[in-house]
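These notes are about the structure you will find just below.
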Amino acid sequence: MVSANSVRHVACIMDGNGRWAMTRGLERIHGHLASMPALEAVVDAALAEGVPWLTLFAFSTEKWSRPAGEVGFLMSTLANRIIDTSLSRFHAKGVRVRMLGAMEGCLSDDMAAKIQHAEEITRDNDGLNLTMAVGYGGRDAIVHAARALAAAGIPPDDITAEVFARHLQDPDLPDVDLLIRSGGEQRLSNFLLWHCAHAELVFLDVLWPDFRAEHFQHALRIYHQRQHRFDNIAVTPTAPTGGGAIVPRVITLPGIMALHLTNGLLGTVRGTMRAAATHLTTTPPPPPDTPPH
């Protein structure tokens, strides 16, 4: 067990399902099926390590453009494997299931009902807050918050980072301490952009279907061995060996970069709202006289 006392929120980008299947000569959907043990393993690991918040990137807004068959399969997998199969197990362990994303109009009535049921029956659980990001995009989330601020009529000069965060889709979701991405890619893919301003980022080569508790624990060790002065990186601990061995690539956002990102975003929101207010309150000039024919 790795001490996780200072880690409040871990987020995972579950990448590599398709490549896992293709390296085995299988269709991509088999990779999604094979990902379920990894999902259950990371939930169990978070519970064992005492991490109170875990967010999993299940389906991005960009994935709606994938072939209809794959999208439909992903949605049915989410409903049938995660909710139907794993819900009772998660519920028994005190896991609260939460959904994050723009899912309205994108889900069947049956699946929407299952998601609502999962959220309702686990609402009072306090063992782990498991957030599944479905139909989620970080930019869309920021736009949603900006629109909510405008609709609330909040003066631009009163908008702070704290005020902005309260207008996000899920204002209870805390900032991410540690973001783990499997599959070897080194990018955020539009995931939790606001919440990851000060996150430690750990990129692992292991494909998601092979992800297990030891990979989660390894990422926690990296987190704890880092100095929390954002411009410093400590020595990387020895990675597990054998099947599914990890070759991590670790990146930290420097504190000054995170500060500039946050301030720049808030400045843009304030400027946009000022421009909108000016446009709405300024009386347009009268049209020019029509010259005689």
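Yeah, the Cβs are placed from backbone N, Cα and C, and that goes for glycine too.
Since we're looking at a predicted model, the values are computed, not measured.
Feature annotations, courtesy of TrEMBL:
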type	residues	note
BINDING	ASP15, GLU200	Mg(2+) binding site
ACT_SITE	ASP15	active site
BINDING	16-20, ARG28, HIS32, 60-62, TRP64, ARG66, ARG181, 187-189	substrate binding site
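Annotated features taken from TrEMBL, shown on the structure.
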| residue | record | Cβ within 10 Å |
| --- | --- | --- |
| ASP15 | Mg(2+) binding site | 21 |
| GLY16 | substrate binding site | 25 |
| GLY18 | substrate binding site | 20 |
| TRP20 | substrate binding site | 24 |
| HIS32 | substrate binding site | 23 |
| ARG181 | substrate binding site | 25 |
| LEU188 | substrate binding site | 17 |
| GLU200 | Mg(2+) binding site | 24 |
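DSSP assigns HIS32 (substrate binding site) to a helix in the three-state reduction.
Spacing of GLY16 (substrate binding site) relative to GLU200 (Mg(2+) binding site) is 21 Å (Cα to Cα, whole number).
In this structure, TRP20 (substrate binding site) is part of a helix by DSSP.
Straight-line distance linking the Cα atoms of LEU188 (substrate binding site) and ASP15 (Mg(2+) binding site), rounded to a whole number, equals 11 Å. Recorded residues GLU200 (Mg(2+) binding site) and GLY18 (substrate binding site) have their alpha carbons 26 Å apart, per Cα-Cα distance.
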